[in-house]
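Chemist: Take a look at this one; I'll ask things after.
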Amino acid sequence: MALLCSRLTITLVLFVLILGSVNAQLSTNFYYSSCPKLLSTVKSTVQSAISKEARMGASLLRLFFHDCFVNGCDGSILLDDTSSFTGEKNANPNRNSARGFEVIDDIKSAVEKVCPGVVSCADILAITARDSVEILGGPTWNVKLGRRDAKTASQSAANNGIPAPTSNLNQLISRFSALGLSTKDLVALSGGHTIGQARCTNFRARIYNESNIDSTFASTRKSNCPRASGSGDNNLAPLDLQTPTTFDNYYFRNLVQKKGLLHSDQQLYNGGSTDSIVRGYSTNPGSFSSDFASAMIKMGDISPLTGSNGEVRKNCRRVN
């Protein structure tokens with residue numbers, strides 16, 4: 001009996017260890033010994049980039065989103081096209097839109113100086129997203145690290161995996177749910193649109209054709225986004241009219257007033273199941289901040305490459 005009990009105990013311990021290793025692949029102190037200057041090195045480079053152009057913070061945050069939503073947070077969005085494969089940079093959601101790649105190059109170079117060959121590009125994206133939000137006045141959180149870099153990328157997965165600005169609420173909920181993110185995570189993460197800009201081509205249909213939009217707001221946006229397709233397609237407008245370079249809860253206040261710029265934004269407050277979450281965030285910035293931080297940690301957990309999978313790229317734009 002004693003032998004049976006001890007065997008059961010050993011089996012249970014092994015099971016817990018295996019289960020733990022699945023959940024504990026990433027850790028906040030992963031580079032504690034191997035690259036002690038990592039966080040300060042990344043932050044100073046991000047700070048420098050944002051001080052040159054405030055919009056860059058939103059662009060860097062978006063790179064992390066668009067990386068994680070395509071086969072997990074694996075740095076695949078950073079790979080340039082080659083003769084042997086087509087990467088994600090020219091996928092519909094990224095072409096003429098994803099930006100900040102040179103800043104990631106600068107951060108990688110700075111990190112390589114302090115600890116060569118140690119830190120993955122996927123982890124650099126995760127830290128950079130956090131630093132961008134914090135520098136622009138938003139919450140901070142402890143970033144889990146230990147991801148490795150993909151050796152390939154997928155344009156088709158990027159075309160299919162990143163929610164389009166034309167998405168309706170059910171499509172948004174479904175896509176986030178498929179990645180293990182709840183409806184609350186969806187609304188909180190959409191709050192990342194409190195910073196940054198969108199191109200006319202992504203909101204033209206909303207300002208000219210939709211009725212659930214504040215008329216004065218629509219007129220303001222029409223002045224810089226002509227009705228005719230092909231005219232002014234790349235003209236920009238702030239996703240948050242009031243404070244486009246400050247990370248706050250104005251995005252949600254705008255939605256309540258029918259001033260969401262993208263169709264997918266206003267879908268979160270349009271008589272559906274997410275209205276109450278939007279209302280809550282519009283009056284309680286603290287609750288939005290804490291939920292956003294939690295959702296960012298969850299998003300960072302999507303299908304990371306760890307252990308002997310993937311690699312640590314020397315140059316974020318190409319495989320070793």
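Going from the start of the chain as shown, residues are counted 1 onward.
Cβ atoms here come from the backbone N, Cα and C positions, even for glycine.
TrEMBL annotations: computationally assigned, not manually curated.
Remember, predicted model here, so these are calculated numbers, not experimental data.
So TrEMBL lists these for the protein:
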- His66: active site, proton acceptor (ACT_SITE)
- Pro163: substrate binding site (BINDING)
- Thr194, Asp240, Thr243, Asp248: Ca(2+) 2 binding site (BINDING)
- Cys35-Cys115: disulfide bond (DISULFID)
- Cys68-Cys73: disulfide bond (DISULFID)
- Cys121-Cys316: disulfide bond (DISULFID)
- Cys200-Cys225: disulfide bond (DISULFID)
Chemist: Take the C-alpha atoms of Cys35 (disulfide bond) and the residue listed as 'substrate binding site' and report the distance between them in angstrom, rounded.
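Modeler: The separation of the Cα atoms works out to 35 Å.
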Chemist: Which residues, sitting 6 or more apart from Cys121 (disulfide bond) on the same chain, put a CB under 8 Å from its CB?
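Modeler: The answer is Gly75, Leu78, Ile104, Lys108, Asp149, Arg313, Cys316.
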Chemist: What count of other C-beta atoms do you get within 10 angstroms of the C-beta of Asp248 (Ca(2+) 2 binding site), across all chains shown?
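Modeler: Excluding its own Cβ, the number within 10 Å is 19.
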Chemist: Enter the number of other CB atoms within 10 angstroms of the CB of Cys225 (disulfide bond).
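Modeler: So the number of other Cβ atoms within 10 Å of Cys225 (disulfide bond) is 23.
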Chemist: Which residue, out of the binding-site residues Thr194, Thr243, shows the minimum number of other Cβ atoms inside 10 Å of its Cβ in this structure?
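Modeler: Relative to the other binding-site residues in Thr194, Thr243, Thr243 has the fewest Cβ atoms within 10 Å.
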Chemist: Restricting to the same chain and to sequence separations of six or more, state which residues have a Cβ under 8 Å from that of Cys115 (disulfide bond).
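Modeler: The answer is Tyr31, Ser34, Cys35, Lys37, Leu38.
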Chemist: Which chain-mates of Asp240 (Ca(2+) 2 binding site) that are at least 6 residues away have a CB under 8 A from its CB, listed by sequence?
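Modeler: Spatial neighbours, sequence-distant, of Asp240 (Ca(2+) 2 binding site): His193, Thr194, Ile195, Tyr250, Tyr251, Asn254.
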